[in-house]
Structures are given as C-alpha cells and as structure tokens.
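Enquirer: Pasting in a structure now, in structure tokens, and then I'll have a few things to ask.
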Amino acid sequence: MKVTLPDFRQAGVLVVGDVMLDRYWYGPTSRISPEAPVPVVKVDTIEERPGGAANVAMNIAALGAGSRLVGLTGIDDAARALNAKLGEVNVKCDFVSVPTHPTITKLRVLSRNQQLIRLDFEEGFEGIDPQPIIERIQLALPKIGALVLSDYAKGALAHVQTMIQTAKAAGVPVLIDPKGTDFARYRGATLLTPNLSEFEAVAGRCKTEEELVERGMQLVADYELSALLITRSEQGMTLLQPGKAPLHLPTQAQEVYDVTGAGDTVIGVLAAALAAGNPLEEACFLANAAAGVVVGKLGTSTVTPIELENAIRGRADTGFGVMTEEQLKKAVELARQRGEKIVMTNGCFDILHAGHVSYLANARKLGDRLIVAVNSDASTKRLKGPTRPVNPLPQRMIVLGALEAVDWVVPFEEDTPQRLIASILPDILVKGGDYQPHEIAGSEEVWANGGEVKVLNFEDGCSTTNIINTIKANASKS
C-alpha cells in the first residue's frame with residue numbers, strides 16, 4: 001500500500017476520556033534493601049508525562065493536528081501539571097474539575113531501563129454528572145473531523161452512548177479505544193480498536209485467522225460498527241469492515257522496549273489521519289507504522305511527522321537523505337539484513353530537471369533502496385568546466401534527498417565513484433545515457449560481487465546544458 005503523509009495541520013480532533021498523569025522515577029540500582037528482598041533505587045531523575053486520554057491528545061498534537069481534550073480531574077498539583085504540560089505541546093484542555101476526587105496518577109519506578117513497580121493513586125469518577133462533558137462535546141463538534149473516546153474505565157465515559165449519538169448526529173466519526181467486556185455500550189461507533197486480549201475477552205479465544213475474522217465480523221454486525229481494528233502486537237493489525245475483505249498489516253516494530261501508551265498512539269494517528277481526509281485503510285497503515293516507532297521508545301511517547309514519514313518509507317532505523325560514506329555503509333548493512341536490494345547511481349545533478357527525476361524514479365523501481373552518489377564541486381568543475389557547478393554540493397544533495405525515489409545521497413571527491421562503489425558494492429549499479437555497461441565506473445567490482453549493471457535512458461531534450469543555454473539566450477534578449 002502506497003500512502004502519502006497527509007497535511008495534519010488541516011485536521012481537528014477532540015479526545016474525550018480518562019486523563020491521568022504518568023510519573024516516572026529513574027535511578028541506578030546497586031544493592032538489595034536490608035529491610036526486605038527488594039532492590040534499592042537511588043532516584044536521580046523525575047519525569048511527569050500526560051497519560052491515558054491525555055497521551056492520545058498529545059499524539060495528535062505531535063503530528064501538527066488541532067488537538068482538544070476533555071476529561072475529569074481533581075483540583076490538585078497533578079491537574080495543574082497536566083494543564084501545563086499539555087499546553088506546552090498545543091493541546092487545548094477543557095477539563096471538568098471535580099473537587100471531591102484526586103487526579104488519576106500512576107507512578108512508575110525504573111532502573112536500567114526496567115520497570116520495577118507501578119503505584120496507582122486514584123478514585124473512580126463513577127457517578128459524576130455527565131452533562132458538562134456532553135456540553136463540551138457539542139461545542140467542539142463543528143470544529144473537528146473526528147472524535148476519540150479513550151476509555152480506561154475510570155468514569156469519564158460512563159455515558160458513552162450519549163456521546164456516540166451526539167457525534168453521529170453531527171456527522172463526525174467516533175473512534176473508541178474500548179475497555180472491559182461490554183462492547184454493547186459502544187454500539188454504533190465508527191471504529192473500535194481493541195487489542196487482541198481485549199478482543200478475545202469478548203469474542204473468545206481464536207485458534208486460527210479464519211476464526212478471528214469470523215468472530216470479529218460478528219461483533220461488527222452485533223454492535224452496528226462501521227469497522228473493527230484489532231491490534232495484535234507482534235502480529236500486526238487486522239481491519240474488519242462489512243462487505244470488504246479483511247486487511248492485515250504486519251508489524252513494523254524493529255525492537256520493543258515499552259508498550260506503554262502504544263494503543264494511544266494508534267488511535268491518535270488513526271483519528272488525525274481520518275480528520276485530514278485519508279481513507280480508513282490508509283489511516284490504519286499510518287497508525288501501524290506509528291506503533292512500530294513508539295514501542296521502540298521508553299514510557300508513554302508520541303510520534304512526529306518526520307518519524308512517521310521515515311517509518312512508512314521503511315527507513316526509521318537506517319535514516320535517509322544526505323549521509324557521509326561511513327553513515328551510508330551502516331545504513332546499507334541494516335537494509336541488507338532485512339533482505340533489501342540496493343540500487344546505486346551517480347552524477348553531478350547540477351540543475352535538477354524532469355529528466356533526472358524520471359531517471360531516478362525508474363532506477364528506484366529496480367530495487368528497494370536507491371543511493372545517489374554526487375560529484376563534489378571540485379570534481380564537477382574538472383568534468384564540466386570552470387563555470388560549473390551552478391549549484392554548490394550541499395544544495396544539490398538537499399534537493400536530491402527530498403525526492404521520493406531517493407533514499408540516500410552521498411558525495412565523492414574523485415572524478416569517478418569507482419572507489420565508493422567498490423566500498424558499497426550495490427546489488428544493481430545504474431547509469432543513464434549511451435554508455436555500454438563495461439564503460440561504467442565500478443562495473444567490474446559490482447559484477448565480481450555477483451551484482452548487475454544496467455543502463456537507463458534519459459528523457460529526450462532534458463539536460464542541464466540545454467537549461468543553461470536557454471537561460472543565457474533569454475538573458476541576452478532582455
């Protein structure tokens with residue numbers, strides 16, 4: 001599936017649900033307590049992060065989308081910390097303050113990247129008047145493209161059915177991260193996003209893919225859902241919709257350090273993408289990519305548009321764009337470990353034109369990754385003459401790196417990239433023009449390594465020299 005990142009700045013999302021403050025105490029552990037057989041942590045760092053529904057709102061804001069948050073808090077330091085931290089990341093908070101209850105707080109103690117214990121400070125908000133929340137939803141509906149209901153069973157969504165119907169009447173899709181085994185309370189929602197254990201707690205244990213799909217589709221029908229997205233950890237995600245074939249998205253996670261808040265990231269990216277105009281299938285693809293990024297971070301985290309862009313292009317771990325030769329070697333090694341085919345080409349690319357773009361796009365189609373090696377300014381001057389290059393090396397590389405077809409851009413100082421090609425040893429070496437394969441610098445090294453050498457045609461009439469001559473001719477007429 002080819003998906004382009006939407007302009008999230010055009011999207012507005014309201015998150016309603018159980019907000020909480022996540023506190024983290026970090027420190028080294030070097031001994032066991034004499035009081036009990038437990039480690040002693042010498043706390044040297046304390047962090048506070050918005051969690052629960054607040055983490056969903058932060059994930060939406062991190063993408064650049066308009067993010068609004070409604071929830072229940074106490075009147076205490078934790079509530080003030082939430083307001084302050086969310087304000088810093090452009091989340092518009094409209095909390096309902098309940099003076100008789102504390103703000104939900106979860107304290108985690110960690111040492112050496114391992115969580116040792118979690119302590120919860122909370123009292124349920126059950127029985128709280130729902131009208132202030134309903135009124136806040138009604139006020140926000142004209143300004144949003146999606147409503148997220150983030151349920152942690154703490155009481156903020158006690159009247160969830162009223163919220164669903166209110167949004168549906170306004171034509172706003174409702175996405176719900178469910179809690180518990182009573183999915184009937186979410187009847188009529190646009191999308192539910194249970195994880196596998198939550199799904200099987202309702203539908204029963206599924207031994208096969210067919211069984212999972214069959215039971216999932218039954219839930220969709222029983223509860224009048226538009227769609228069901230089952231998040232399945234290392235098995236990826238499965239999207240079920242009435243009248244459509246199941247869509248399975250394999251996981252994109254490379255390493256898993258912490259799954260805290262991963263579900264918040266999934267539904268946040270889903271909502272922002274839908275509000276920005278992406279179809280549901282594309283929104284799920286983006287959410288799956290975002291989940292693969294966030295589980296590689298410690299603690300509740302967000303994903304930026306750049307991280308998401310890297311992930312959907314499969315470059316989150318290897319990097320992309322302009323690189324040194326050493327950085328490129330490491331990136332190529334990681335790509336090869338995943339079985340990816342490396343394509344390499346080279347040139348001056350002084351004034352980028354349609355012929356270059358078409359050529360690079362065709363080169364990229366030959367494999368999974370495209371390296372563009374670029375002549376330095378001195379090298380270009382030796383090859384093209386004293387008036388070249390028109391554009392200096394840094395500018396040429398930045399423009400090349402911005403092309404969708406190009407993964408990595410690397411400079412070289414010599415007249416030919418033979419040494420660089422021998423160092424990288426691409427699977428396919430490509431050159432444009434009227435060359436014979438044996439005339440291409442680096443071809444012998446690539447062939448000796450079992451690789452291929454190909455010649456691609458340039459578009460007729462497209463050349464840097466022609467562009468320069470046209471500019472000169474027009475200038476002489478004026």
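Cβ atoms here come from the backbone N, Cα and C positions, even for glycine.
Annotations per Swiss-Prot:
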type: REGION; residues: 1-318; note: region 'Ribokinase'
type: BINDING; residues: N195, L196, S197, E198; note: ATP binding site
type: ACT_SITE; residues: D264; note: active site
type: REGION; residues: 344-478; note: region 'Cytidylyltransferase'
Enquirer: Highest CB neighbour count within 10 A among the recorded positions E198, D264?
Expert: D264
Enquirer: Residue counts in helix (H, G, I), strand (E, B) and coil for the region 'Cytidylyltransferase' (344-478), per DSSP?
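Expert: Going through the region 'Cytidylyltransferase' (344-478) residue by residue, I get 58 helix, 26 strand, 51 coil.
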Enquirer: Check the Cα-Cα distances from D264 (active site) to the binding-site residues N195, L196, S197, E198 and tell me which is shortest.
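Expert: Answer for the nearest of the binding-site residues: N195.
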Enquirer: Whose Cβ, among the binding-site residues N195, L196, S197, has more other Cβ atoms within 10 Å than any of the rest?
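Expert: Highest number of other Cβ atoms within 10 Å: N195.
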Enquirer: Setting N195, L196, S197, E198 aside, what same-chain residues sit with their Cβ within 8 Å of the center of the Cβ atoms that define the ATP site, listed in sequence order?
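Expert: Other same-chain residues with Cβ inside the cutoff are P194, F199, E200, A201, I230, T231, R232.
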Enquirer: According to DSSP, which kind of secondary structure is N195 (ATP binding site) found in, if we only use helix, strand and coil?
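Expert: Once the DSSP labels are grouped into three classes, N195 (ATP binding site) ends up as strand.
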Enquirer: Need one number: mean pLDDT over the region 'Cytidylyltransferase' (344-478).
Expert: 87
